[in-house]
Amino acid sequence: MELRTKRKINSFFRYIILILVGLIMLYPLMWLFTATFKGNHEIFTSAGLLPQEGFGDWSAWKRAWNFNTGYTFLHHFTNSLRYLVPRTFFTVVSSVITAYAVSRFSFKGKRIVFALIIGTLLMPSVIFTIPMYLFYNALGWINSYYPLWVEAMFATNSFFVFMLIQFFRTIPRELDEASIVDGCNTLQTLIYILVPVLKPIVITVAVLTFMWGMNDYLGPLIYITRMSRLPLSVALRTAIDAESTADYGKVYAMSFMALIPALTIFAFAQRYFIDGVATTGSKG
């Protein structure tokens, strides 16, 4: 009886600590939301979380919907999807195929290929900016979305390839052998046998690609200059810079709306995301 009571007390305090830590982590997001209902004066003079005038004034959200670029939030969000969808799809497909080849097959230079994959993790991506810009400019792709997703077709994100290789190593090779006995070829084994097992890590790669793409500012800033084609990240900054006097309530409302798509996707995929990240660190 005493042991059961101690366990309940320990569980109670454990949950209290977790709730407090969760509130601390969520506080910046909650402050960002409540700040949309405050004026500039209240934002800089009051440290309180709740707005003094309550939550009845949604004018900042209405102003935030129409960007100073001449287009709406929905227009710029649609622009983001135009390259995020193919970028996410091709990143997943190319990374899975590359990791499958490296982890499941033996060929000359395999160790060198794996070493190159690991080595590219240590290289800052910014060093490729100028040569890639010159290359895409020669193709006439500036002010198009091709530079933002075409490279995803070639498994250029070595971090995801490495994650998938680690996950493949946890899958018994007996599954491959059994599928071959049943008449599957190499591609069928990957699609029908291994990909369903890869579901957690595939969703992890897709979620991370989408979230990083939504937050990417430098790439769209370099390749997209036409106002009508600006994605959400660049349009947000452009709209803020276009104002002579900062309307911080509007700025925070725009920022919060920009976070909603990524937060929504993460909320629905978090179970698979956690499973994928946890499994890539094990081998057995």
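Yeah, the Cβs are placed from backbone N, Cα and C, and that goes for glycine too.
Whatever TrEMBL says is automated annotation, not expert-curated.
The domain 'ABC transmembrane type-1' annotation in TrEMBL covers 77-269.
If you look up TrEMBL, you'll see 12-33 (among others) marked as transmembrane segment. Nonlocal intrachain contacts for the transmembrane segment (12-33), taken as residues 6+ away from its ends with a CB within less than 8 angstroms of a stretch CB, comprise 49, 252, 255-256, 259.
Here TrEMBL flags 84-102 (among others) as transmembrane segment. Residues 110, 113-114, 117, 148-149, 152-155, 157, 160-165, 167-168, 190, 194-195, 198, 202, 205-206, 209-210, 213-214 of the same chain lie 6 or more positions beyond the ends of the transmembrane segment (84-102) yet place their CB under 8 Å from a CB of it.
Cβ atoms under 8 Å from those of the transmembrane segment (114-136) belong to residues 102, 142, 146-147, 151, 158-159, 161-162, 165, 218, 222-223 of the same chain, restricted to positions at least 6 beyond its ends. Annotation source TrEMBL lists transmembrane segment at 114-136 (among others).
Residues or ranges marked as transmembrane segment in TrEMBL: 148-168 (among others). Residues 83-84, 86-88, 90-91, 94-100, 102-104, 114, 117-118, 120-121, 132, 141, 194, 198, 201, 204-205, 208-209, 213, 216, 219-220, 223, 276, 279-281, 283 of the same chain sit 6 or more residues outside the transmembrane segment (148-168) yet have a Cβ under 8 Å from a Cβ within it.
With a cut-off of 8 Å between Cβ atoms, the residues of this chain six or more beyond the transmembrane segment (189-212) that come close are 84, 87-88, 91-92, 95-97, 100, 152, 157, 160, 163-164, 167-168, 171, 175-176, 179-180, 262, 265-266, 269, 272-273, 275-277, 279-280. Residues or ranges marked as transmembrane segment in TrEMBL: 189-212 (among others).
Under 8 Å from some Cβ of the transmembrane segment (251-269) lie the Cβ atoms of residues 29, 32-33, 35-36, 60-61, 63-65, 67, 73, 77, 203, 206-207, 210-211, 214-215, 232-233, 236, 239-240, all in the same chain and six or more residues away from its ends. Residues annotated as transmembrane segment in TrEMBL: 251-269 (among others).
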